[in-house]
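Accompanying notes for the structure given below.
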Amino acid sequence: MALISMKNVTLKKQGKILLNNLNWKVKKGENWVILGLNGSGKTTLLKLIMAEYWSTQGQVEILNTRFGQGDIPNMRTKIGVVGSFIAERLPANMLAEKIVLTGKYKSSILYKEYDETELNEARQMLTVIGGKHLLGRIYSSLSQGEKQLLLIARSLMEDPEIIILDEATSGLDLFAREKLLTQVEKITELPHAPTILYVTHHAEEITDKMSHILLLRRGKIVAQGPKKDIITPQVLENFYESPVNIISIDDKRFFIKPQV
């Protein structure tokens, strides 16, 4: 079953083409990395998936909801998001577990009455993904890595079918980054694990649990498919428009180094 389907999708803003004739399908059970340099259109693509943007041409269908015909608000409740634009909206003085609970309401604040059972659900979710030590902490007191872990727990509160991680390791040091990537891998092991869309411009963040890769350059899809078919010198040199070396890291991850 296709969770995401795009057919001949083009998106224009103020006369500028941001996404150009995209054709892409994401099936249940797949975990995708969207890899592209700065300005490639990654964030625009995410906003299209979240129905914050609408295509100028073509057909978009997310979670069996066709844009222009289906129930978009309901569709959005099935997508969890981790990104800096979410982090900036959250109250600085709120407890960690209450931040997680806001994910249940798809809001940056707790605008509804909640009970101890719901708060315990949030505590349990934070514990499951390795954030038990954050319970009782104030959001503003957390490190960048701890905040990202909190946002992941928050995004999982409504048992989403898709979770989007947009530059999730931005601003993290080496150790915090590796810890966060480990937690992302653990998401794939959860019961009813969601499909992951992991957005980055750092190839070394592509972990063993990611099954597929989409290469995006200047709003166009250069290549897409199973990871083993994409991580080849020929495909990557075409994508980067420059010779590169692929350096293996522990046989599961890799580093791409330009030839200079």
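Cβ coordinates come from backbone N, Cα and C, glycine included.
What Swiss-Prot says about this one:
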| type | residues | note |
| --- | --- | --- |
| DOMAIN | 4-243 | domain 'ABC transporter' |
| BINDING | GLY36, LEU37, ASN38, GLY39, SER40, GLY41, LYS42, THR43 | ATP binding site |
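Positions of Swiss-Prot features highlighted on the structure.
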{"residue": "GLY36", "record": "ATP binding site", "Cβ contacts under 8 Å, 6 or more apart": "LYS42, HIS201, LEU215, LEU216, ARG217"}
{"residue": "LEU37", "record": "ATP binding site", "Cβ contacts under 8 Å, 6 or more apart": "HIS201, ARG217"}
{"residue": "ASN38", "record": "ATP binding site", "Cβ contacts under 8 Å, 6 or more apart": "HIS201"}
{"residue": "GLY39", "record": "ATP binding site", "Cβ contacts under 8 Å, 6 or more apart": "ARG218"}
{"residue": "SER40", "record": "ATP binding site", "Cβ contacts under 8 Å, 6 or more apart": "HIS201, LEU216, ARG217, ARG218, GLY219"}
{"residue": "GLY41", "record": "ATP binding site", "Cβ contacts under 8 Å, 6 or more apart": "LEU18, LEU19, LEU216, ARG218, GLY219, LYS220"}
{"residue": "THR43", "record": "ATP binding site", "Cβ contacts under 8 Å, 6 or more apart": "ASP166, VAL199"}
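The secondary structure of THR43 (ATP binding site), as reduced to three states from DSSP, is helical. Neighbours of LYS42 (ATP binding site), defined as other CB atoms within 10 A of its CB across all chains, total 21. In the predicted structure, the domain 'ABC transporter' (4-243) carries a mean pLDDT of 91.
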